[in-house]
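Read through the structure below, which is laid out as C-alpha cells, and then see the notes.
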Amino acid sequence: MELPLFGEIDDNCGLFDGLSQELPQDFHLNGNLSFGQPENNPLAMDEKVSLQQQLGLQDQTHTSQQYQHHQQQQQQQQHQPQQLMHPHFFLPQTLPPLSTPILGKEEFAGKYNFQLIFNPKNSGKHWVYSEKLAKVFIHMEQVLPLSFQWNPPVDGLWVRATMVYKLDQHRSQPVVRCHNHMAPDNNSNRNINPMQVKHVIRCLHNTSSYEEANNGHLSVLTPLGVPETALNNVPMDFLFTCKNSCSSGMNRRATELIFTLEDESSQILGRRKLEVRVCSCPKRDKEKEEKEESGESGSVPLAIGQGKKRKIPNPGLGISAPPGKKIAMDNKVYNISFNVIGKDTYNACLRSIYNTMAGQGVQQNNLEAQKPFMEEILKKINEM
C-alpha cells in the first residue's frame, strides 16, 4: 500500500493522523512503518515485541479502543477536504496557465478608475496625434510621453504595455521587430539586455522588465509606485524600435498599445489602449489616413491583404507622363523562378513584385492587363 502524502506524524506513537485509507487487517506496528506479515518485512522488529511495549501502554484493551477511534476519524476524513499538513510535501495552490490569453480590446477603468493621460499639445516634429482617428503617428526611436492615473493611488500596482495588431485576424500573432532592426550591428541593440532585442516597444524606466509569454506575445512591465505629492499621476516615456512598414516585421499592419493595470498576482484591474503607427513621415501619414477615413482621397485600395491598405490613384483621374516623355509599355510576360530562405523573405519578394506591377499598371494605364498576374501573386501570399 502506498503511503499518502497528507497527514501529520505523531512522534509519540508513530501513527499518521490523517491517513486517506483504512489500515488493513494485517497491519503490524513497530519501530518502523511496515505493512503485511512481519516475517516478509525485513524492517519489522521481533514478533514477540507486543504492541503494548512499542507504544508504552499498560492496557491492551486501551490500545484496541485507540485504534477503533482512529478508524472512525479516518472514515470522517474521507468525506472532508484534506489539509496539507506535512512540512516535507508541497503542492501549489494553482497551476500556471499554459499560455497567456490574447488581450481583450475593451477598455475599462476598474475599481481604481485607471486612466491613460495623453496631452496632444506636447506633439512636435517627431510625433503627431490625430483626434479624428484617435491615433499617434511617431518617428522610430523617438519618445512618446504618457502618464497613468489611478485612484486611490495605492502602492503595489504595475502597468503592462503590450503592442498588438489591431485587426482580429492578426491579433493572435505577436508583434516583433523586423530582421534588419534585430541585427546585432544595429545601433539600437548595443548595450541592452538581450531580452529587449525582439521588443518593438521600450519603456525608459530603470525598473521595467521585458517579458515574453508562452504564446510569444511581448510586453513591458513597470511598477507604478505612488505619485509624487504635487502630482496625481505617474509619467512614463516610451519609444519604438521598428516601423509598421517593415516587411519582415509588422508588415504594414495596424497596431495599438494595450496598457493594463495589474496587481502582484497579475490580475488585470483596468485596461486602456492607444493606436500607434511608427513611420518616417508622421504628419504626412496622419493627413493621408484622415483623408482616407473621410473618403476624400479619390483612390482605390491596393488589395495586399494586411492591415491598413495602401492606396493607389484611380486610373480614371487622368494621371499621365510628364510633357515630352512617353512611357514605353512592355506587355511581354516573363517567368521568374528562384529559391529563397525563409517565409518572411518569400513574402517580401512577392509583395515587392505585386506593388511594382500595381504602380506600373497605373502609370501605363494597363491595370486590367496586370490584374490576373497580380491576383496570382496575391493568392500565393495568402496561401503562406
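Placed from the backbone N, Cα and C atoms, the Cβ positions cover glycine too.
With a threshold of 8 Å between CB atoms, the same-chain residues lying at least 6 positions outside the compositional bias 'Basic and acidic residues' (282-291) that come near it are 126-128, 130, 132-133, 135, 137-139, 297, 308. Per TrEMBL, the feature compositional bias 'Basic and acidic residues' maps to 282-291.
Confidence in the domain 'p53 DNA-binding' (105-292), given as mean pLDDT, stands at 93. The domain 'p53 DNA-binding' annotation in TrEMBL covers 105-292.
Residues annotated as region 'Disordered' in TrEMBL: 58-82 (among others).
If you look up TrEMBL, you'll see 282-321 (among others) marked as region 'Disordered'.
According to TrEMBL, the site 'Interaction with DNA' annotation covers Lys125. Taking Cβ-Cβ distances under 8 Å and a sequence separation of 6 or more, Lys125 (site 'Interaction with DNA') has no neighbours in its chain. DSSP assigns Lys125 (site 'Interaction with DNA') to coil, not to a helix or a strand.
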Helix, strand and coil residues within the compositional bias 'Basic and acidic residues' (282-291) as assigned by DSSP: 10 helix, 0 strand, 0 coil
